[in-house]
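Annotation comment: Swiss-Prot describes 3-17 as FAD binding site, evidence class sequence analysis.
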Amino acid sequence: MRVVILGSGVVGVASAWYLAQAGHEVTVIDRQPAPALETSAGNAGQISPGYAAPWAAPGVPLKAVKWMFQRHAPLAIRLDGSRYQLEWMWQMLRNCDMRHYQQNKSRMVRIAEYSRDCLKALREQTGIAYEGRQGGTLQLFRTAQQFESAAKDIAVLREAGVPYQLLEAAQLIEAEPALAASQHKLSGGLRLPNDETGDCQLFTQRLAEMAMAAGVHFRFNTPVDALLQDANQICGVQCGSERVTADAYVVALGSFSTELLNHIVKIPVYPLKGYSLTIPITDEKAAPLSTVLDETYKVAITRFDNRIRVGGMAEIVGFNTQLLPARRKTLEMVVRDLYPHGGDIGRATFWSGLRPMTPDGTPVVGRTPLKNLYLNTGHGTLGWTMACGSGQLLADIISGRTPAISADDLSVIRYLPGFYPAPVRALHGVNVG
């Protein structure tokens, strides 16, 4: 079967790889000159199935109000003038009760755990190297209340069979020795020993190279203007004056998926802006071993070979990718507080990207009402964590095979019929694809 994939981020490239492995003839189309140059370029670097959880959680609405008045708040909201943004936030608010939270977290953990297994199999099969580490991840609590509130997450982890360790403050340095300098500021932590880390952009680039060697055709510098529909199926992709045709079509355009699909199927995917710093390591012993997550500021600090990646925060501001100095200061503050001597912040690279988020936190993977149109988007802050599992799942669905995990509640069908009008982007004249 001929399959066209729109998007060459980690999700699109993983989809291409698994579809090619299933015997399909695959073409990937992207407006960028190379893979992983947008959202996959500078993410936090963590592969954390156990921490897969929706931003829509009990207590978040009240916290959001408090964060409005905090200098280093993990969440910021700026109205972009669209009804779509308001509707999306309302849908997110409706998912902030405990019932929805546990339901959403459970299915997010399901696909994330499966994805880690797929990544492990891929690594064993191909030997792909991406500065990965299998040292687990550690969520840090600064207050006793945060430590006690971890109970709701632990319940889901226990139900899903995810190994975990609840650590007292004195035990933190056993997992991360360099935290000795800041141990007195912490009340404890939740460690997930099976979690991993790695450079998402490097992984995507090397997987794309392997996909090319396996016969996948990449068409870069090719903006996508429209999907062409004929009755209940897609009949082509309009790229400038050219029409590209296939038997099946996959939209993996992250936050830009919504606009392209607007006249075909409504999906509630909205850009959640995030930031990162990439810092050269100056003292190996003062740097993290794996990933730590600061629960207070929602910031992750990840170790690559010779670099530290500090990423996090969320801004609901539309398609604005402006680098705000205040956000840089927050990232610098957190890494200085926890690892004051690990790297040279003066030589750090500052980055921002748009994470494609659904109101319930769960990605949109699988079939649509159109018989040959498939989606793989809406992974939010967990695109790297969920990429391989989503790609394998999609390849199984398109190939007519029974997936290894249940996919019934992952497709766009859970949002139909209809949703609400797509957003009008602040950045006009920029084609998707």
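Count begins at 1; order follows the chain as displayed.
Including glycine, each Cβ sits where the backbone N, Cα and C put it.
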With every protein chain in view, how many other Cβ atoms are within 10 Å of the Cβ of V3 (FAD binding site)? 26
List, in sequence order, the same-chain residues at least six positions removed whose CB sits under 8 Å from that of S15 (FAD binding site)? I5, V250, A252, N376, S390, G391, L394, A395
Within 10 Å of the Cβ of G7 (FAD binding site), how many other Cβ atoms can you find? Include all protein chains, please. 32
Per DSSP, G9 (FAD binding site) is which: helix, strand or coil? coil
Helix, strand or coil at V3 (FAD binding site), per DSSP? strand
I'd like the Cβ neighbour count for V11 (FAD binding site), meaning other Cβ atoms within 10 Å of its Cβ, all protein chains included. 32
